[in-house]
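**Q** Can you read through this structure? Questions will come right after.
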Amino acid sequence: MAALGGLTHSRTLFVDDDGTPMSFYVPPGPLKRQLYPLITHGGGEMCRMQQPGALLLSAPGSAQGAQYVSTAYIMDCVRIDKLLDVDDYRLDGSHGRPRKSQGSKKEERAPQQKVGESSQESDQKQQAKVGGDLEEGDKLSDPGEPVNEESLGSVSSTRKKENKMDCSEAQKIGSLKSARIHQTRRNVFTEKEDVAIMLYVRENAPHRGTGVSLWKEMEQKQVVKRTWQAIKNRYFRYLKGKRNYVLPLTDDSSSQEPSDDEEECPQPITKKSRISDSTPCTEKPGVAEKTGEKLSTDTSVEGPSTEKSDAAKTSNVNLPVEERGQEVTEGAIKRSEGNKKSTEMNEEAVSASSKENQDDGADLHIFEIANLEFEVEDTPELEVPKRSFGLKEFVMGEDLPSSQSQTQVDEVSSSPDASESEGLQEALLSMMSEFKLSLCDVTQALLKNNGELAATRHFLQTGSRPDGYPIWVRKDDLDLQKDDAETLKRLIQKYGADNVAKRVAFLAS
């Protein structure tokens with residue numbers, strides 16, 4: 001940099017005749033930092049990445065090939081302040097050594113360096129010329145005589161032709177590759193392939209498709225001649241949930257996607273449809289109207305009941321135990337009454353439809369079966385449990401939330417033995433107020449002490465049982481239910497035989 005005299009070369013050194021700047025590319029590094037000011041000062045451009053038309057500069061020995069140009073090209077052009085021939089500096093594999101320009105060859109080449117030519121053809125030509133000169137003049141030229149310029153010109157011209165041929169061949173190969181790349185286009189899915197994919201998914205895996213096993217099976221069985229990735233992408237992007245195709249009917253109609261034609265034929269809403277495929281799609285308007293009225297009445301009856309039950313659940317949190325128990329009982333009675341009303345209305349709708357349409361007895365019989373099936377399957381969800389709850393079911397475990405335990409206390413209040421439930425509630429409320437604990441904490445303490453109120457109160461006061469034995473834990477309860485003699489012996493040693501017997505009876509109650 002210092003030898004260059006502070007960048008004294010021309011500002012248009014690396015500018016073409018038409019005024020466009022020459023483009024160069026050098027990999028990032030110290031060499032790029034060194035050449036960047038030289039190129040930009042001469043009017044050239046330094047590309048950040050490889051671009052078509054840019055000269056790829058490389059240090060001698062680092063890269064080889066006709067597409068690379070030695071960095072000595074930039075240094076020589078800046079030193080002479082003249083744009084030299086690029087082909088003389090291309091790295092064509094001669095161990096990374098650049099070719100020198102014609103001017104440097106004229107200055108440094110001597111007669112004794114003719115034998116050291118890199119090409120064998122040039123050596124043979126020069127030897128033939130030297131032999132011809134000897135035969136004519138019978139003497140050798142002195143070392144101080146000038147070199148024949150015609151021979152040097154012929155050698156340089158042959159090298160230029162070879163380099164141009166190499167570059168042209170490389171360009172042809174690159175153009176052919178790019179043409180092949182542009183010619184290859186993705187095959188579009190046909191309608192037949194889409195239908196085959198949808199049929200296979202419907203018949204083999206109607207509820208499965210998130211994994212890769214289904215799509216790999218389709219690729220192995222060659223349902224369509226595509227990769228499993230392409231099949232999966234096609235299904236989830238363009239086929240799933242869209243009604244572009246009408247698939248043929250099969251036996252498994254539950255997994256079939258509904259088409260536009262099928263939507264025009266309304267059918268009764270049932271959880272398990274047992275209507276055969278031979279049922280006609282056309283119905284009389286009277287039957288359809290009755291069915292619609294029946295379904296609307298069902299939803300109107302069930303809607304308020306569910307809203308009231310939700311409101312009751314939210315209000316139960318801030319009410320006392322007795323009021324919550326009464327509200328739960330009233331809500332269950334209201335739900336059962338609403339259920340009975342809906343059942344009666346359904347029966348009336350079915351009987352009315354059967355009277356009006358006696359000619360279509362077979363079709364109406366099918367609708368009656370479907371409606372009754374709908375009632376039988378839905379009514380058990382709203383039934384009030386009639387069995388009584390014991391203390392074990394009153395508290396399910398140590399991790400039970402307080403809201404669930406409060407609901408179970410309300411259900412205990414509706415058991416047949418009202419005196420015992422009232423006494424239990426009073427004892428729970430008294431311990432809650434005395435020790436300032438929640439209902440969940442008190443019931444858990446009661447469960448750990450086999451349901452004994454005195455032992456539970458002593459445990460809440462002192463933190464231990466009156467007899468000095470430890471408190472029962474859930475792991476020991478699970479071990480106690482196993483028929484293992486060693487485990488039973490260990491529990492007897494830990495809790496005592498009397499406590500183990502009481503615990504077995506308590507868990508069995």
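Cβ atoms here come from the backbone N, Cα and C positions, even for glycine.
These came from Swiss-Prot, pasted as-is:
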type	residues	note
DOMAIN	1-91	domain 'BRCT'
REGION	93-168	region 'Disordered'
COMPBIAS	115-127	compositional bias 'Polar residues'
COMPBIAS	159-168	compositional bias 'Basic and acidic residues'
DOMAIN	185-239	domain 'Myb-like'
REGION	249-359	region 'Disordered'
COMPBIAS	286-296	compositional bias 'Basic and acidic residues'
COMPBIAS	321-344	compositional bias 'Basic and acidic residues'
REGION	399-423	region 'Disordered'
COMPBIAS	401-418	compositional bias 'Polar residues'
MOTIF	493-509	motif 'Nuclear localization signal'
**Q** Just to be sure I understand, if DSSP states are collapsed into helix, strand and coil, how many residues of the motif 'Nuclear localization signal' (493-509) fall in each?
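**A** Helix, strand and coil residues of the motif 'Nuclear localization signal' (493-509) number 15 helix, 0 strand, 2 coil.
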**Q** Could you tell me how many residues in the domain 'Myb-like' (185-239) are helical, how many are strand and how many are coil under DSSP?
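**A** The composition, in the requested order, is 35 helix, 0 strand, 20 coil.
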**Q** Roughly where does the domain 'Myb-like' (185-239) sit in mean pLDDT, to the nearest integer?
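**A** Across the domain 'Myb-like' (185-239), the average pLDDT comes out at 84.
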